[in-house]
Amino acid sequence: MQFAAFADRAAELEAEPADLETVSLVAALLRDAGDDIGTVARFLQGRVFPGWDARTLDVGPALCYAALAKAAGTNVTADDVEERLAEEGEIGAVAANLDLGGQQGLGAFAADGAAGRDDPTLAEVDAELRAVAATEGDGSEDTKLATLFGLFSRVSDAEARYLARLVLGEMRLGVGEGTVRDAIVEAFAVDAGLVADALQVSNDYGRVARIARDEGEDGLEAMSLTVGRPVQSMLAQAGTVTGALESWDDVAAEIKFDGARVQLHHHPEGIAPPDADRDATPDDPTVRLYSRNTSEVTDALPEIREFAEQRLDAPAILDGEVVAVDDDGSPLPFQEVLRRFRRKHDVDRMREEVELEFHAFDCLLDGREATEGTDLLDSPFRMRHDRLADLLPDATSEVLYSDDADEIEAFEASALSAGHEGIMLKRPDSTYTPGDRGQDWLKRKPDVETLDCVVTGAEWGEGRRANEFGTFLLAVGADDGYETVGKVATGITDERLAALTDLLEPHVINEDGQTVEFRPAVVFEVGYEEIQASPTYSAGYALRFPRFVEVREDKDPEDADTVERVERLANGGEGGN
Ligand SMILES: Nc1ncnc2c1ncn2[C@@H]1O[C@H](COP(=O)(O)OP(=O)(O)OP(=O)(O)O)[C@@H](O)[C@H]1O
């Protein structure tokens, strides 16, 4: 398929307001996509890589504007592109009006290796974007710029609209995961439940679309978890012991460890890297570790890798928390783990400073021969946990199965006095539902709830702080983008303000006097006293007394809290008992 044909269909989708029609248009596009079906399923969602693959293009707005400016010709600068963005409101419209590769464009003269407008195929665009993602090291910015310039010079105005959005990961087509899922069902007349299950185990819309088309329901049914391809983590809602005991016969209470989520994959025959299009060989590592966002973190956590290498023999996928401990083995605050977590250099030195432990709390795949069935997603929690305790007796979370509130309270008190964050309450017969923040896992924390908010704006400080941001605008996820819920200025030390300014400045997309606007990129955890309905902010709610707690480096904007959750919290639907 030509990229131009994809852009035409994207324009049709963008113009379609009705959800049902959108699903039908996507279904038709999937049917027409031929060999490009996987790429189409991903591009429509603004993704180049499947969900299990954490690679990103790593192209910030500034680089994208520079590439657009270069392709637009000698008269246009990156600042001009930014200015137009302020007028037009979104990058697609800007790109479509720049006459890229046209009369003025350098691409017209085939400079710098650019071929001029030549109608690239979808596969070519995909390959070029993957090349951008693979570029690293010294001079990588220049190489990325050259590749993007080359691509932008090759496309028409209509194509440029969607190419620019794709580069920045914001397609704005109203096509979310649910739309693609429903479209696969409609396009290939396959069972919706089978498609949903296949998506859960594979975390890969492109592959599910292809299998639904080529192998039908049998193929979907045969899809199972694959060691080395992380699934989305199952998540929790805030809940109460009384609520859990009212809804369930008994409760599985566990310690809530204060660390970072890690999915541990083990295969004795090696696990191929995610970007290698080949089977594993014995030279590949036998353990790979993934963060909550499915990024690989194996190299940052060598002791966890060594632990798994020594202790596991068969294929396994385990879910757990990595916690930092002091010399006595008592847990240290979550920030200590993060220091280790994102570490690329000096890992050995850091390893001496901060000791890490893995606490496994779930088992998604148990490949030991003696056990029946390997994929445990549909098995009840009690059984998954028993398997886990059998696999790693000394590194598995302790569980208290109880229907007695007093007993659970005593369990919580001992968890807190041992320095843990709180407890989790799980429904003992619940299945593992990847990516789901459902009612089967509840977190009970003794302190006030916090919210994870996307920082969408800020105001410059005054006087001696004129070069630092002073107040941050907070937003939460909505159906279409983000809605604001408050501003935070308290809880931030001077030193921290400087660091936050450095962190956020590269994400500025707009500036108007004292006020700046950010591309959604950074997530703040924010405490508050209360949430009130309020017309001041676009979410319709305002946080009272918001207080900065931490930057959630382990979360992407998509993982932030939502308007729906804010509404629930405001109406007292969640909270301590
Ligand atoms: N025993 C446990 N079972 C499940 N999750 C646990 C456990 N101990 C610690 N956790 C952590 O608690 C989190 C559950 O809360 P939630 O699903 O809301 O994630 P979160 O949004 O990262 O929340 P939080 O900010 O509370 O860590 C898990 O993601 C995991 O990192």
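A Cβ is built for glycine as well, from the same backbone N, Cα and C atoms used for every other residue.
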From Glu254, Glu355, Glu449, the one annotated by TrEMBL with Arg261, Arg292, Glu321, Phe361, Arg437, Lys443 for ATP: Glu254
Local Cβ density at Glu254 (ATP binding site) - other Cβ atoms counted within 10 Å: 24
Summary of DSSP states over the domain 'ATP-dependent DNA ligase family profile' (349-478), given as helix, strand and coil counts: 35 helix, 52 strand, 43 coil
Top Cα neighbour of Lys256 (active site, N6-AMP-lysine intermediate) in the set of binding-site residues Arg292, Phe361, Lys443: Lys443
Per DSSP, three-state class assigned to Arg292 (ATP binding site): coil
Tertiary neighbours of Phe361 (ATP binding site) (same chain, Cβ under 8 Å, six or more apart): Glu254, Phe257, Asp319, Gly320, Glu321, His385, Leu388, Thr396, Ser397, Met424
Those residues of the chain, 6+ apart, with a Cβ under 8 Å from that of Arg437 (ATP binding site): Leu235, Ala236, Gln237
Neighbourhood of Arg292 (ATP binding site) by C-beta distance under 8 A, where only residues 6 or more apart in the same chain count: Ser233, Ala260, Arg261, Asp554, Lys555, Asp559
Residue among the recorded positions Lys256, Arg261, Lys443 whose Cβ has the most other Cβ atoms within 10 Å: Lys256
